[in-house]
Amino acid sequence: MSEDTTEPLVGPSTLWKDLRALLPDTEEELKLDLSEKVDRSMATLLRQALGLFYEGRWQKCLQASEAVLDYSWEKLNTGPWRDVDKEWRRVYSFGCLLKTLCLCQAPQKATAVAEALRVCDMGLLMGAAILGDILLKVATVLQTHLLPRKQPACGPHQDQPATKKAKHDASSTPDVVLDREVPRLRCPPLQHFKKHFLVPGRPVILEGVADHWPCMKKWSLQYIQEIAGCRTVPVEVGSRYTDEDWSQTLMTVNEFIHKYILSEAKDVGYLAQHQLFDQIPELKQDISIPDYCCLGNGEEEEITINAWFGPQGTISPLHQDPQQNFLVQVLGRKYIRLYSPQESEAVYPHETHILHNTSQVDVENPDLEKFPKFTEAPFLSCILSPGDTLFIPAKYWHYVRSLDLSFSVSFWWS
């Protein structure tokens, strides 16, 4: 936690008033609507916690909400995540909501609000939507009331932090051969893109698509810390997700930046494939969905928007995704190599089901004795720079390495 969170909180009574306004006036108006999949004892405990809240018995409510969280946490961590019933995720969200509110009932310092925001984020990350996405609204109120953080200046026109991870390293920048370079077009008409790239499944870099996005001028380390620094996010730790020592952990964006970007950490940290813009709508206001997504079959709400934020040297191993992808580069540069789905045999996918969409080959240092066909497989490559939008067709194999401190936004669509 950064030092400024110990400062006295400004207007705690205003904070409580703003939070309380998000809830119904009476307990009877707040509907839990839990299904029979939730144990009767847990449903009873949650209703008791709710009653304690509306009676103003904050300490008792806090204890009850923590009991709800402990029990539902066990349910969330039993078996594969895909098998966790949504009802238990809703129970967890209710527990997070009540604990968050109790922590903010009479906070004396901003540390209490920062802890409340951490709990709220846990509900957003691990729970399911309740009461019209109330946790999103609570998080927005909490952020508004936290004092502005004092971060070192690091704007887009200033030098980035002087660490090895933030400097350009010419020796680490691969050569892109002209006849193997991804083609570039500047804002082609929709039908031209559809006919020549979408339908035949050909990669292309679209220039100018993101020029008008506010993030292209606003985003910097300082800005990201100011908007999202106190938010809890999942971070991948390790060089590649295929490595045995790879893991995931939860930390605030500030902690991530200080540990993995501003410092020389032993491991590589990567805020990867996270729906950050659903968690923090303030950042979503700085981006737009590319117009070309309208050529898809799905609705706009079905487009998955992910953030990819990390230091120089983060790697996404050669893999393929089932959906069309627009990868927009906002900060820094990335080296990307692409192989057609027709070359699947030559990239040697893992044989296990969980990694069947990932190649066994280390793209930039291949073991050709073990994978002899790989060197013969044709590919395209590029250096993706700020403002570039790369179209990666569905099931196209792609390998990504960041050459600088980097922030990318991906749009997966059908």
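The backbone N, Cα and C atoms fix where each Cβ goes, glycine too.
Taken verbatim from Swiss-Prot:
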REGION    1-107  region 'Interaction with RCCD1'
REGION    152-173  region 'Disordered'
BINDING   GLU236, GLN273, SER316  protein binding site
DOMAIN    269-414  domain 'JmjC'
BINDING   TYR270, SER316, HIS319, ASN325, LYS334, HIS398, TRP412  2-oxoglutarate binding site
BINDING   HIS319, ASP321, HIS398  Fe cation binding site
In the structure shown, which of the binding-site residues HIS319, HIS398 has the fewest Cβ neighbours within 10 Å?
HIS319
Applying a 10 Å Cβ distance cut-off over all chains shown, what neighbour count does TYR270 (2-oxoglutarate binding site) have?
27
For ASP321 (Fe cation binding site), which of the three DSSP-derived states applies: helix, strand, or coil?
coil
Of GLU236, ASP321, the binding-site residues given in the record, which has the fewest other CB atoms within 10 A of its CB?
ASP321
What are the DSSP helix, strand and coil residue counts for the region 'Interaction with RCCD1' (1-107)?
71 helix, 1 strand, 35 coil
What is the Cβ neighbour count of TRP412 (2-oxoglutarate binding site) at a 10 Å cut-off, with all protein chains included?
20
Apart from GLU236, GLN273, SER316, which residues in this chain have a Cβ no more than 8 Å from the mean position of the Cβ atoms of those residues at the protein site?
TYR241, TYR270, ALA272, TRP308, THR314
Given a separation of at least six residues and a C-beta threshold under 8 Å, show me what packs close to LYS334 (2-oxoglutarate binding site) in the same chain.
ILE383, LEU384, VAL400, ARG401, SER402, LEU403, SER406, SER408
Around the C-beta of GLN273 (protein binding site), how many further C-beta atoms are within 10 angstroms, looking at every protein chain?
17
Of the binding-site residues GLU236, GLN273, SER316, which sits closest to ASN325 (2-oxoglutarate binding site) by Cα distance?
GLN273
Protein Cβ atoms within 10 Å of SER316 (protein binding site), excluding its own:
20
Restricting to the record's 2-oxoglutarate-binding residues (TYR270, SER316, HIS319, ASN325, LYS334, HIS398, TRP412), give me the longest CA-CA distance in Å as a whole number.
20
Cβ-based neighbourhood (8 Å from the centroid) of the Fe cation site, residues HIS319, ASP321, HIS398 excluded:
SER316, LEU318, GLN320, ASN325, ASN357, ILE392, TYR396, TRP397
Cα separation, TRP412 (2-oxoglutarate binding site) to GLU236 (protein binding site) (Å, whole number):
20
Work out how many Å separate GLN273 (protein binding site) and TRP412 (2-oxoglutarate binding site) at their Cα atoms, rounded off.
11
